[in-house]
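Everything below concerns the one structure shown next.
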């Protein structure tokens, strides 16, 4: 046997799931428990008390006289022909004989049935003194009665009378399982469990209380301002009710003490709105959980469909039970006629039986049908509710109207259905849950948590000085810009990196020293007042982006900006240029640095042509094909085209009459025959053709007479033409990392040469004419094949840096001591070579004398 508690457990669910149980589900659960009790009670009664009592149907006197001669009243013709003894009569007492009401003749005494007993018993007179029993004798023993009772129980009773308790139990269990199947089904129970868990945390989160409290505070302030604008109020007005006194419908939030003054509104922040760091982190985690759960649940409507199916199953079950049960109510009766066909065992053919549980079963059945009817009507109401409104769509319109979070999105599918179910329990749940669907709410939370974490003292500790000796603050991967940043009024450089929700408020106007701003993957938004400040004060702006759309629109309106650095993708997938916004508002822009993957020089750059002095284009290896726009950059003094896969010097460059420095680093240039055209660029003083594939320097380079710096490092040069040494103004020559094996003696003609770099070549001999360049300050000769250093090295009195490491030297000349400006930190040699110097020379080199000089590179 099983107990009621064991069966009722089928209807049990986790307590946390109760918020998903509308009133009709709860009511049906209670009805199911009542039906379960009815079924178990009926089953218990049937197992313990149910029985059938049967008596044989004896022929009536009228029928027995049909074959009897007239006038004969003897009734023994219908009795089995067995002789009864005195002991038999003594054994049959009235308690052992059952009476059949329809076949008994009460006027006939029992002795009349056995006339032969008058002369056989010796104590006849004694028995006559006793009262004769009434009724008709059946002549069956006890075991025969038991046999007949059992036979007729199975043959005479309707099957429903015997199996009603078990059917009721089975039906009830099926209804219980159907009611809670969506809580148990593996593909839905995980979603339901996750939803209930998140919902409970959102409901109890301190951030929910804070957000709704601030909303109520804002609404109260708006209402107050609207009222004070329409009429004159007392100096202090309470918001507890319209009449100024508390009411039963007043929200609890009014108890926190919001007071407003007619002259100056004052908001008393409730203590509940204080959010500590732990609560803030939990709330941020909840936002992320809600976002992922929404993405996971909104894709399907399995929960909704399963709930509809189980409701339809319960309704169909109700109709089925009602249809077949109603037909059997009248079949349950107290009396039954039984014909077991066991005449050869008992001598009787027909029996009349009584069922002792008939009345009880009939009442229980009627009660069961009544409960089932109520249950069915609730199922029908549930179906009506399921199809009356679209439950796969849920709108937070009411929440948006009542709160300041107007961006709470509507949801659909299973997410919407779950929220509809929660509304049947308590609409406050969905209202508080909506706070975690709002981006505005999330941004507010991030702002509060950020300001708690990044205080003024902590930010001050992160301020450092950069290479330009300016105070710099670098913020990386934060949820926003802390408010305390704008209290650092002496900050010169502000770097914001990977801060997608960065906002620059009006407080930035306090930072009067701020002149340089870095936005690295940070599409910052600025307030109007902040923009006015940046427009007038900002001088240098660095913007790093993935897509050109990430560049804030206000960048193109900074009229006092001097330097603009753009780093990011400016090409689309089909290799068509993505145009920048117009740059014509940048009226004072002097330097434009673009690091991207351009295939042509942006035409918008011509907007700043009249005042642009330096243009830098760093490509990522994409070939720069179109450079016609360069012709309009007439005032450009410095031009860098690095890593642009150029194979020749672009002709558009020769039109830049004001060009002073040209850098074509890391291209694919093999020949520079066009260098003769540089003679028209009278102001060109610096030419950088390093990191290319140049094999020879054409003699026509001699026509570029104003060159002061020439860089040919990391090429494939094998010799230096004499024409190079005719450039009398040359102060810096860099031919490092080539294949040069000899330094021409004409190098002595470069009397103004101050810096010579020949590192990483194959030079083995240093010509004496080299030491006629008495203005040399830097001489890098490392990684060559030099075997000796001439004594004339002492003539280079202004030498401050000498690199000899990686050669074949075995000693250093003592004349190094004559290079009075050369110190040990400027001498790059192996330690064992340094030890070959005389002691006094080493002491002179070790002296720490600070002599200012400029390397001129």
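Here the Cβ of each residue, glycine as well, is placed from N, Cα and C on the backbone.
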Query raised in the report: Taking 65-95, 158-188, 189-219, 220-250 as the choices, which stretch does TrEMBL tie to region 'Disordered'?
Result: 220-250
Query - TrEMBL annotation (transmembrane segment) - matching range among 27-47, 111-131 - result: 27-47
Query raised in the report: Per TrEMBL, which of 319-341, 342-364, 365-387, 388-410 is transmembrane segment?
Result: 365-387
Query raised in the report: Mind checking which residues reach the transmembrane segment (365-387)? Cβ under 8 Å, same chain, six or more beyond either end.
Result: 24-25, 27-28, 31-32, 34-35, 38-39, 164, 168, 175, 307-308, 311-312, 314-315, 318-319, 321-322, 325-326, 328-329, 332
**Report entry** Contacting positions for the transmembrane segment (27-47) when only residues 6+ beyond its ends and CB under 8 Å are counted
**Finding:** 4, 7-8, 11, 21, 162, 164-166, 168-169, 171-173, 175-176, 179, 314, 357, 360-361, 364, 367-368, 371-372, 374-375, 378-379
**Report entry** Confidence summary (mean pLDDT) of the domain 'LRRC8 pannexin-like TM region' (1-383)
**Finding:** 68
